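**Student:** I'd like to ask you about the structure that follows.
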Amino acid sequence: MATALCPLRALGQTAFRPRTRRLHLSAPRADAVVISGRKLARQIRQEARHEVEQWVAAGNKRPHLSVVLVGENPASHSYVLNKTKAAADVGISSETILKPASITEEELLDLISKLNNDANVDGLLVQLPLPEHIDERKICNAVTPDKDVDGFHVINVGRMCLDQYSMLPATPWGVWEIIKRTGIPTLGKNVVVAGRSKNVGMPIAMLLHTDGRHERPGGDATVTISHRYTPKEQLKQHTIRADIVVAAAGIPNLITADMIKEGAAVIDVGITRVQDPITAKSRLVGDVDFEGVKKKASYITPVPGGVGPMTVAMLMKNTIIAAKKLLKPKALEALTA
């Protein structure tokens, strides 16, 4: 009889255990603990590096990540560079395939098909956003699900919503790991997720509200989702009662100190480039008024240096999952046996 393997551990996805879940969170603090996403990401990348070393030492092929980058968007080029640097850091080989913004949708689909069928490619992602003439949803669904390290394919999204094993989207998984590794309890807690995007807000809500005893980790929280049509005063009515607020709307200063109760944990996923009124230089800001909110919150993530580094780290973990083919049908059967 085969030795039982913890399925969540095999996927690198772990859940809170009931004995570690605390029911207290909102005790007043003088100032928030600023969670360093960079520090947590270094820890995860170290784990990934060790996992790759063990995998290769066992005689397996080194994991390989292919990134398709379309156009000349400076932010996209910067993000892709960060991803390939992280891959090199953990021992994953990678390539960036550059294509002009004039590429047709058919040509891009043909390229993805070739990469899907390339046995040397373990993980595959197409950097978003894409030019307006290309259907992003069609492109995301063209990537084969077990190579879909972004976790955007409809099959991976569907499996995640059904609490089944799937390739988790990197940013939501990064938010989950921040909460879990920081020790912020979620069992029975009130959570507000500001933002309902299919790649960020919705998956974060799914991870936080589902049953922690199921295949895929869940936080057992009571989750409220707001969006662009939620009036600010109505949003405040929800956030003022929330133990955890996750801001993922892409609206600078959406969450202010008067909207947060004492001792709440605040995770800022938003990232917007604005011009500093004093220096006239551009800088990155989140959705949260950091200076004001940190005086009331118990935990808070900064922008930059919070969720961003975690997104890249979780992408590396997904590439390893893809290389080990843990989401192939036969592997899934073994995990659930």
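One-based numbering along the chain as shown.
Every residue, even glycine, has its Cβ placed from backbone N, Cα and C.
Here's the feature list from Swiss-Prot:
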BINDING   Y79, V80, L81, N82, K83, V126, Q127, L128, P304, G305, G306, V307, G308  substrate binding site
BINDING   G195, R196, S197, R228  NAD(+) binding site
TRANSIT   1-30  transit peptide
**Student:** Tell me the Cα distance separating Q127 (substrate binding site) from S197 (NAD(+) binding site), rounded to the nearest angstrom.
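**Tutor:** It is 17 Å, counting Cα to Cα.
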**Student:** Give me the non-local Cβ neighbours of Y79 (substrate binding site): same chain, 6+ apart in sequence, Cβ-Cβ under 8 Å, ordered along the sequence.
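**Tutor:** Result: Q127.
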**Student:** Can you give the largest Cα to Cα distance in Å, as a whole number, for the residues Y79, V80, L81, N82, K83, V126, Q127, L128, P304, G305, G306, V307, G308 that bind substrate in the record?
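**Tutor:** Largest pairwise Cα separation, rounded: 24 Å.
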**Student:** Could you tell me the C-alpha distance between K83 (substrate binding site) and R196 (NAD(+) binding site) in angstrom, no decimals?
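**Tutor:** Here the two Cα atoms are 25 Å apart.
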**Student:** In Å, how large is the greatest distance between any two Cα atoms among G195, R196, S197, R228, the listed binders of NAD(+)?
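**Tutor:** 11 Å is the greatest Cα spacing among the residues binding NAD(+).
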**Student:** Hey, what's the Cβ neighbour count for K83 (substrate binding site) at 10 Å?
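**Tutor:** Cβ-Cβ neighbours of K83 (substrate binding site) within 10 Å number 25.
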**Student:** Across all protein chains in the structure, which of the binding-site residues R196, R228 has the highest Cβ count within 10 Å?
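**Tutor:** When each Cβ's neighbours within 10 Å are tallied, R196 leads.
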